[in-house]
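Enquirer: One structure, as structure tokens, below. Some questions next.
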């Protein structure tokens with residue numbers, strides 16, 4: 001009995017090994033793995049350039065993840081239809097996109113990268129801090145650009161730490177700082193209560209806000225509380241903060257139900273301050289309407305992209321082109337549910353800029369020209385924001401504008417109040 | 001010498017009192033039957049001894065109270081339980097099943113000679129030595145279950161309804177084989193059986209349970225002579 | 001077939017094959033391309049994780065939905081130790097022992113509850129683990145995770161990183177597989193099987209179900225830790241998402257697909273865990289979940305015992321095709337042994353014609 005099993009196992013292993021050896025053939029490692037044009041890097045030929053994306057297309061973050069591919073496909077679909085991108089070396093290339101699902105799992109993201117790196121010119125647009133971090137060091141070692149990725153993690157914008165990387169979206173610090181500056185400039189005295197998530201997300205926002213109000217004598221922070229991302233209620237914190245009678249709440253919160261509950265709880269306590277909410281928990285439909293936000297003197301958030309669902313942009317040329325490209329080239333017929341669709345469209349436009357300027361079809365040449373884009377207003381960008389890749393330590397988009405809720409959507413404001 | 005002594009043992013499943021004062025004793029090397037109707041508490045008595053049911057009263061094994069011990073601790077003391085429904089391991093061979101019975105033993109050589117001894121007593125098993133237990137007939141499986149318990153070298157064997165689901169002639173064969181094992185090994189036995197005729201092929205004395213209480217005990221001969229016993233448990 | 005088996009059962013033949021396999025495993029990383037090496041290493045990581053799950057679930061029958069927690073814990077300990085320049089042996093030992101001790105403590109409490117309670121407790125592990133890892137940012141790097149390049153090939157080896165990492169996986173994973181193979185084939189394995197089969201009988205034989213459940217669970221956590229060490233060696237990064245609950249479910253599915261209570265099945269389970277998401281990505285990255293679900297169902301319907309039973313099932317089918325069973329022949333005496341027919345018993349035929357006419361069938365129905 002025992003012996004028989006042994007035989008079977010040994011046999012199976014022998015068989016597997018034999019198959020493996022014969023499948024792979026023999027011969028040592030071929031080091032210059034590049035294909036395509038002479039002197040060119042992997043993933044670029046005289047007529048095409050291939051971009052790789054690893055992003056969540058299934059699981060809890062599939063919605064925003066799908067958008068990070070859809071916008072990119074929409075942008076380059078339209079460009080390819082017109083012939084392609086005219087590169088700085090004089091050749092016109094079509095842009096191909098290879099997107100893979102990592103389900104927000106760092107291990108799968110690394111596996112996708114390992115698979116893609118042999119055939120793509122650069123990695124781009126993927127969503128998620130852990131998933132992007134999972135292959136960051138490998139990308140540096142392999143000298144594969146990992147650029148314009150969707151994470152607020154500042155490490156991707158630190159040239160020394162991350163020579164092959166560049167983040168796209170503003171960091172949490174950028175967002176908090178923008179609101180802090182607006183508040184400090186109001187000229188009036190404000191008492192601010194802070195509630196933040198007890199992790200790097202909340203800490204980033206608070207750090208930015210404090211930077212924005214630094215030295216402003218009209219701002220006093222009267223109380224700072226935190227909650228855990230796993231908490232199911234923040235009623236106790238809101239009640240405590242209400243006791244301070246602060247006129248502004250800085251709420252660095254990433255959990256949708258908690259954001260709604262805090263808006264409701266403060267009203268219950270008859271406490272009516274102005275609110276600041278982060279860009280990803282400020283949706284009019286999903287949060288402000290159920291939270292009855294119109295009861296407050298003001299609800300503020302930050303943004304850098306035009307919102308297609310907002311009536312203010314219904315007739316906007318950018319928005320119309322974007323929506324039709326999305327439908328035609330990205331198989332995304334609905335109104336985008338996440339801003340990532342707009343962001344990845346802008347990623348496309350930014351890459352386009354870098355391609356047009358790069359003189360050599362190499363990854364080095366690409367990184368050089370990518371880091372040299374200034375004052376570029378990508379389609380869908382709000383007035384007052386732009387792409388600037390020349391500042392070390394900052395993502396491609398670090399400028400955001402503060403917006404105020406008006407009952408249906410957001411409108412940019414110059415002043416607080 | 002008394003090996004096992006039960007004094008007013010009680011037990012309940014939740015709110016239902018199943019044992020309400022069971023007393024009996026098993027002498028060293030003796031075989032005692034527990035007779036009674038369905039639901040009288042026969043099986044529960046065995047479970048109380050083996051520790052699978054929490055019990056009240058006193059259960060003395062070799063002079064010390066074993067109540068509250070875990071089943072595996074009770075087994076380690078030398079009490080082997082052959083549960084109702086046998087519980088042989090279908091995917092294992094007869095030989096492997098017997099080995100399982102000797103799990104706690106360290107004396108390898110003795111184990112092999114015990115297996116040989118057992119197979120001489122149970123020739124049916126010897127024929128099926130290499131087949132899986134699931135291929136055995138009901139009677140053979142019952143013998144295997146008893147054999148497995150024997151392999152633990154217990155001082156007391158608890159046997160629960162060995163005739164269950166067997167044809168009458170098979171049941172007789174099984175009981176005779178167990179009686180043979182008893183004679184050859186001298187292991188004391190406590191035997192639950194609904195069919196008193198079968199039980200008397202094996203035991204020297206018996207206790208009758210009625211609704212969780214011992215109502216009567218005596219030697220086999222005494223009990224056979226009683227009218228009500230004959231009517232209730234001997235079929236006429 | 002029988003000739004091959006006969007040859008294989010000779011001791012020297014088996015030794016020779018083992019030697020060949022060892023040599024092949026040694027040479028293989030040098031011959032394969034980088035991506036294949038990386039994939040093989042990944043398969044090794046998750047094969048070890050599935051093996052651990054198999055000890056507690058496959059062999060001992062206790063539902064555990066927390067295996068990924070131990071993998072994550074092992075990865076974190078490895079990352080922490082490596083970034084503090086601990087000796088590599090110490091890193092490995094700690095990455096195995098820390099999850100092992102956690103597993104032991106959890107098992108001591110949970111195994112007493114019995115039944116499904118142990119499953120419930122194990123569900124809690126990854127659910128608590130993720131926020132815990134975010135919270136302990138001094139130790140874990142918070143939600144940004146932790147990377148470590150401790151497993152890059154040392155210069156003196158002249159090897160590429162992927163080759164060196166695959167060697168680490170082969171050595172550590174190979175050792176774990178050998179140890180567990182011996183464990184489950186020996187006395188402990190028998191006790192596990194008995195506890196799985198019938199706890200009451202196990203207890204009546206003097207085998208404490210409680211003690212063996214705790215033992216199995218602890219061994220599973222130790223192996224989970226070893227898998228976490230390999231995870232860090234191969235992926236070089238871990239974050240709270242590493243131990244998200246969904247991955248525990250995928251590990252469980254991999255165990256079932258590979259083959260429960262099977263050493264070979266654990267290996268195949270690891271391959272399933274790694275390769276199937278890749279295949280589904282190659283087919284359509286937008287349908288990965290659907291494709292994986294469909295494949296899972298299909299495998300379970302065709303091979304309910306898992307992929308490890310495939311050779312047996314194939315052999316049975318082959319035997320049936322070549323020489324129909326005598327008993328079957330008795331049923332259909334005039335049926336010639338039709339060559340190439342997949343299954344004789346499916347539709348009994350008489351001289352190539354279905355044995356029953358359609359009308360007869362209707363009458364029966």
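Cβ coordinates are placed from backbone N, Cα and C, and glycine is handled just like the others.
According to TrEMBL, the protein has these features:
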COMPBIAS  C:322-331  compositional bias 'Basic and acidic residues'
REGION    C:318-365  region 'Disordered'
TRANSMEM  C:12-28  transmembrane segment
TRANSMEM  C:40-59  transmembrane segment
TRANSMEM  C:89-110  transmembrane segment
TRANSMEM  C:116-133  transmembrane segment
TRANSMEM  C:166-184  transmembrane segment
TRANSMEM  C:214-237  transmembrane segment
TRANSMEM  C:249-274  transmembrane segment
TRANSMEM  C:294-314  transmembrane segment
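Tell me about the setting of these features in this model.
Expert: Within its own chain, the transmembrane segment (C:116-133) has Cβ neighbours under 8 Å at 62-70, 72-73, 76, 106-107, 109-110, 140, 142, 213, 217, 239-241, 243-245, 247-248, counting only residues six or more beyond its boundaries.
Beyond the ends of the transmembrane segment (C:166-184), by six or more residues, the same chain brings 25, 29, 37-38, 40-41, 44-45, 47-48, 51, 55, 59, 92, 151, 159, 192, 219, 223, 226, 229-230, 233-234, 261, 263, 266-267 to within a C-beta distance below 8 angstroms of the stretch.
For the transmembrane segment (C:249-274), the list of distant contacts is 39, 42-51, 53-54, 57-59, 65, 67-68, 177, 180-181, 184, 193, 296, 299-300, 305-309: same-chain residues at least six beyond its ends, Cβ to Cβ under 8 Å.
Taking Cβ pairs closer than 8 Å, the transmembrane segment (C:294-314) reaches residues 253, 256-260, 262, 264-265, 268-269, 272, 276, 280 in its own chain, all 6 or more past its ends.
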